[in-house]
Amino acid sequence: MSADDERQPLLTPAIPSNRADYGIGENARDAMSKFVVNNVAGESGRKLPQYLAGLAASGGALAAGTFLGWTAPTDKPLTEQSEYGFPISDEQFSWIGSVSNLGAALMCFPIGYMMKMIGRKWSMLTMVLPLVLGWLLIIFAENVGMMMVGRFFLGVGGGAFCVAAPTYTAEIAQPSIRGTLGTFFQLMVTVGILFVYAVGSGVDVQVLSIICGVIPLAFGAIFFFMPESPYYFVEKGRYSEASSSLKWLRGAQYDEAAEIEDLKQADEKVKAEAIPMLVALRQKATIRALIISLGLMFFQQLSGINAVIFYNSSIFASANGGKEMSSASIIVGGIQVVATLVASVVVDKVGRRILLLVSDFMMAVSTILLAVYFQLKQDDPAKVDDLSWLAVLAVCLFIAMFSIGYGPVPWLMVGELFANNVKAFASPLAGVFNWLLAFLVTKIFTNLKDAMGEAGVFWLFSGVSLLGTVFVFVMVPETKGKSLSDIQRLLAGEKLSTEQASVEAREEERDQQVA
């Protein structure tokens, strides 16, 4: 049951002879976005349409957020109050909560092929069907089996969006706003979670599920009017449609001819240099990108985020003398939204690496505070009579720090680290790994808590976060402001010239001023 995520796919090529031009397709698009100047207006294109399309695509994340957050307000009504008229044990509910992760993992590879066959836009619109079907099964559930199947279908739809939406936004965005648009997905996931927390506190489970079921339909109605990715049209040789797409995204006065020509050449180059997956995996840049991506996914999920999200009410209750705090989930959801919004603003200014370092270290501090609190409570409950605020503060700090770094940034970096020619299998692999870890953590958290105690579990999470901080420091490069081919050269062990870096910095600064 993952409450925080984002993902991406595409093709398969060869290593150029003397310079590492892997990923030339997307890099070329980035370069042309910087250099192509509108002959009429003297600008490199409008940014507002790109923001609109990115937000519309991230509407699928809002739908995903609702099913991710659904378990928190429905736990007690379903397990203790039997609101649906049939008994649901804690063990059964843990399966209801976690089985959606298996559906999401299952969809990570097929959605990549769907995007190549029918396009990014129609792949996302198609995912409205499993989402609506999933909510219908939950709304009219007559037994635990129907609920589990419904949650599985919700995972299928949500998991597909986690691959397709970031890919779409990366392909429509110009370099100066690529990072910001890349965080939209995570932001909308957190908005969806907060929405469910707030609405779920005032309505019964069935009404909540009906409201959630309307959201994917609203997404479909809005996203239907958005353009297809110009990159997809070029792949299919539909150049006039690619031109129309760029006109929509950059403005009617944008001179897209050079960018279209560049995309055509890049597509021809990628197809001519296509190589098998096993050969691609022997490239140094691909190996390092895979290690970094899987490492970030590992530390993201093993930090304990899903346990904190899924069980935040019980954590607040444990810290509050066993009394439920009705506002606990809403507080957590609000913090997620605000922190993710902050991340979307600063990620292209501060950089990916520094956000990851600060995020992971402060998550470790937060889980250490929780571990100390529950250790004191375990030794002598009287010691913590005046410290109930400590666990609440630690949870809030944990959520804020996760949402500002380790929530959105790993998925953003997956889109940046892999060359276009290996994204078709590498990015979905990262997605499958993430969802399976989310399933594992959510499913076994209760068992870990019973075996190790609350203090022991949070000591474990804090140790993982500290290791994650070391991993980022040693392994993760800064990708802010770098073109995608430069990132590939960096991963391959090449050094970028200072002159080249300063030229790119000036170009990006100019692009931002024009915007």
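Every residue, even glycine, has its Cβ placed from backbone N, Cα and C.
Keep in mind that this is a model prediction, so the values were computed, not measured.
According to TrEMBL, the transmembrane segment annotation covers 51-72 (among others).
The domain 'Major facilitator superfamily (MFS) profile' annotation in TrEMBL covers 53-480.
Taken from TrEMBL, the feature transmembrane segment covers 92-115 (among others). Beyond the transmembrane segment (92-115), the same-chain residues lying 6 or more positions past its ends with a Cβ under 8 Å from any Cβ of the stretch are 1-2, 7, 9-10, 67-68, 71, 75, 78-79, 123, 126-127, 144, 147-148, 151-160, 162-164, 167, 232, 310, 423-425, 427-429, 431-432, 435-436, 438-439, 442-443, 446.
Outside the transmembrane segment (122-141), and at least 6 residues removed from its termini, the chain residues within Cβ reach (under 8 Å) are 57, 60, 63, 67, 84, 111, 114-115, 147, 149-158, 160-161, 164-165, 168, 206, 209-210, 212-213, 216-217, 219-220, 223-224, 228. Among the features that TrEMBL reports, transmembrane segment is placed at 122-141 (among others).
Residues annotated as transmembrane segment in TrEMBL: 147-168 (among others). Listed as Cβ neighbours of the transmembrane segment (147-168) (distance under 8 Å, sequence separation of 6 or more from its ends, same chain) are residues 5-10, 53, 57-58, 60-61, 63-64, 67-68, 88, 95-97, 99-108, 110-112, 114-115, 120-121, 123-124, 127-131, 133-138, 141, 182, 185, 216, 229, 411-412, 414-415, 423, 427-428, 431, 435.
Annotation comment: TrEMBL describes 180-199 (among others) as transmembrane segment. Outside the transmembrane segment (180-199) by six or more residues, the chain places 3-6, 50-51, 54-55, 57-59, 61-66, 68-70, 72-73, 161-162, 165-166, 169-170, 172-173, 208, 211-212, 215, 309, 329-330, 332-334, 336-337, 340-341, 343-345, 347-348, 403, 407-408, 411-412, 415 with a CB less than 8 A from a CB of the stretch.
Annotated transmembrane segment per TrEMBL: 205-226 (among others), in sequence order.
Within the same chain, residues 1-4, 68-69, 71-72, 97, 193, 281, 332, 356, 360, 363, 367, 395, 398-399, 402, 406-407, 409-410, 413-414, 417-418, 422, 426-427, 429-430, 433-434, 437-438, 440-442, 445, 457-458, 461, 464-465, 467-468, 471-472, 475-477, 491-492 sit at least 6 positions outside the transmembrane segment (287-310) and bring their C-beta atoms closer than 8 Å to a C-beta of that stretch. What TrEMBL records for 287-310 (among others) is transmembrane segment.
Summarising the annotation, TrEMBL assigns transmembrane segment to 330-347 (among others). Non-local neighbours of the transmembrane segment (330-347) in the same chain are 3-4, 69, 179-180, 182-184, 186-187, 190-191, 193-198, 201, 309, 312, 355, 395-396, 399-405, 407-409, 412, 480; each lies 6+ residues outside the stretch with a CB under 8 Å from one of its CB atoms.
Annotation comment: TrEMBL describes 354-376 (among others) as transmembrane segment.
Residues or ranges marked as transmembrane segment by TrEMBL: 388-412 (among others).
Summarising the annotation, TrEMBL assigns transmembrane segment to 424-445 (among others).
Within the chain, the transmembrane segment (457-476) has long-range Cβ neighbours (under 8 A, six or more residues past its boundaries) at 288, 291-292, 295-296, 298-299, 302-304, 307, 352-353, 356-357, 360-361, 363-365, 367-368, 370-371, 374, 406, 413, 445, 448-449. Taken from TrEMBL, the feature transmembrane segment applies to 457-476 (among others).
Only residues 6 or more beyond the boundaries of the transmembrane segment (354-376), in the same chain, are considered here, and those with a CB under 8 A from a CB of the stretch are 296, 299, 303-304, 315, 318-319, 343, 346-347, 383-384, 387, 390-391, 393-395, 397-398, 401-402, 404-406, 409-410, 453-456, 458-459, 461-463, 465-466, 468-469, 472-473, 476, 478. Through the fold, the transmembrane segment (388-412) approaches residues 4-8, 162, 166, 179, 182-183, 185-187, 190, 293, 296-297, 299-300, 303-305, 308-309, 312, 315-316, 318-321, 328, 331-332, 335-340, 342-344, 347, 352, 355-360, 362-363, 365-367, 369-370, 372-374, 468 of its own chain, all at least 6 residues removed from its boundaries and within a Cβ separation under 8 Å. Long-range contacts of the transmembrane segment (51-72) within the same chain: residues 1-3, 5-6, 93, 96-97, 100, 124, 127, 131, 134, 151, 154-155, 157-158, 161-162, 164-165, 168-169, 172-173, 177, 181, 184-197, 200, 208-209, 212, 215-216, 218-219, 222-223, 225-227, 248-249, 309-310, 312-313, 329, 333, each at least 6 residues beyond the stretch ends and with a Cβ under 8 Å from a Cβ of the stretch.
Over the domain 'Major facilitator superfamily (MFS) profile' (53-480), the average per-residue pLDDT in this prediction is 85.
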